[in-house]
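These notes are about the structure you will find just below.
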Amino acid sequence: MAKETKAGRTPLIAGNWKMNLDHQQATVLVQKLDWTLRDKKHDHDETEVAVLPPYTDIRSVQTLIDGDRLKLKFGAQDLSPHDSGAYTGDISGAFLAKLGCTYVVVGHSERRTIHGETDETVNAKVKAAFRHDLVPILCVGEPLEVRQAGEQIPYIVGQLTADLAGVPAKDVAKLVVAYEPIWAIGTGEVATPDDAQEACAALRDTIAELYSGDVADQVRFLYGGSVKSGNVASIMAKDDVDGALVGGASLDAGEFAAICRYKAHQGMVG
Ligand SMILES: O=C[C@H](O)COP(=O)(O)O
């Protein structure tokens, strides 16, 4: 069966566990997720599946995935903009790479709002991720008042442009961008498929303006914000949406597996 991709981009469903599950609970969830996907004969080449646990779980998740040759990818939820040194409490991208992480979330709205991360910090973290061969999942998204004012597109375009300042095309081609409207995160209030498409298309156009060649076609854009098995298929049906960044629903193996199997809801082979 030929791969069903949009312009050759492999869809990615990533579970951001946030500050949930200790390392023992993490191994239980990863095993259940693997069993469920295996049972459904999920094709990981067709739709990539990644888990993003807390730092303290990563070693256990790596051991399980490597030891049992599971096809799940994994990554972290943040990294330091620095590589080493006197940065108490911070984690270097070098350490994450050594643990076999593929992905690292950068600029999640919870980091921007709770920890005061600016676009300048996010930009430094994107560069740090690429220095260590990690793929950043760069998050952008507008607060409710910006959406109500109808200013969401210039807002997220501004974030993306600032967050990519000085990042070369060869790196951007590997980038994953997550559009996560803040008002949709953990609220049950999901953006419409058209809202997600409008945002992801505008972000892709921004990359096309900033970088020549086919870089914009290679970047994967995810939607995040109250994604569930019941709404994922209609969002994934949109041309510029290449995946989902899932929070709460990724903590339930059955529900997350059903999200990963969104093509079954679309009547497509997955
Ligand atoms: O990183 C994930 C997002 O913040 C979405 O979270 P949620 O699925 O719980 O709304």
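Including glycine, each Cβ sits where the backbone N, Cα and C put it.
Noted in TrEMBL for the protein shown:
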- Asn16, Trp17, Lys18, Gly186, Ser226, Gly247, Gly248: substrate binding site (BINDING)
- His108: active site, electrophile (ACT_SITE)
- Glu180: active site, proton acceptor (ACT_SITE)
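On the structure: features taken from TrEMBL.
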{"residue": "Asn16", "record": "substrate binding site", "Cβ contacts under 8 Å, 6 or more apart": "Leu52, Gln77, Val105, His108, Gly224, Leu245, Val246, Gly247, Ser250"}
{"residue": "Trp17", "record": "substrate binding site", "Cβ contacts under 8 Å, 6 or more apart": "Ala26, Val51, Leu52, Pro53, Pro54, Asp57, Gln77, Ser250, Leu251"}
{"residue": "Lys18", "record": "substrate binding site", "Cβ contacts under 8 Å, 6 or more apart": "Pro54, Gln77, Glu110, Gly247"}
{"residue": "Glu180", "record": "active site, proton acceptor", "Cβ contacts under 8 Å, 6 or more apart": "His108, Ser109, Cys139, Val140, Gly141, Tyr223, Gly224, Gly225, Leu245"}
{"residue": "Gly186", "record": "substrate binding site", "Cβ contacts under 8 Å, 6 or more apart": "Ser226, Gly247, Gly248"}
Note to self: What's the number of neighbouring CB atoms sitting within 10 A of the CB on Gly248 (substrate binding site)?
What the structure shows: 19
Notebook entry, point to check: Which number gives the other C-beta atoms within 10 angstroms of the C-beta of Ser226 (substrate binding site), all protein chains shown included?
Noted result: 21
Checklist line | Shell of the substrate site beyond Asn16, Trp17, Lys18, Gly186, Ser226, Gly247, Gly248, same chain only (C-beta within 8 angstroms of their C-beta centre) | finding: Ile185, Val246, Ala249, Ser250, Leu251
Notebook entry, point to check: Of the binding-site residues Trp17, Lys18, Gly247, which ones put their CB under 6 Å from ligand 1?
Noted result: Gly247
Note to self: Between all pairs in Asn16, Trp17, Lys18, Gly186, Ser226, Gly247, Gly248 (listed as substrate binders), what's the biggest Cα distance, rounded to the nearest Å?
What the structure shows: 14
Notebook entry, point to check: How many neighbouring Cβ atoms, not counting its own, are there within 10 Å of the Cβ of Gly247 (substrate binding site)?
Noted result: 21
Next item on the list: Please classify the secondary structure at the residue listed as 'active site, proton acceptor' using three-state DSSP.
Entry: coil
Next item on the list: For His108 (active site, electrophile), just count the other CB atoms lying within 10 A of its CB, please.
Entry: 28
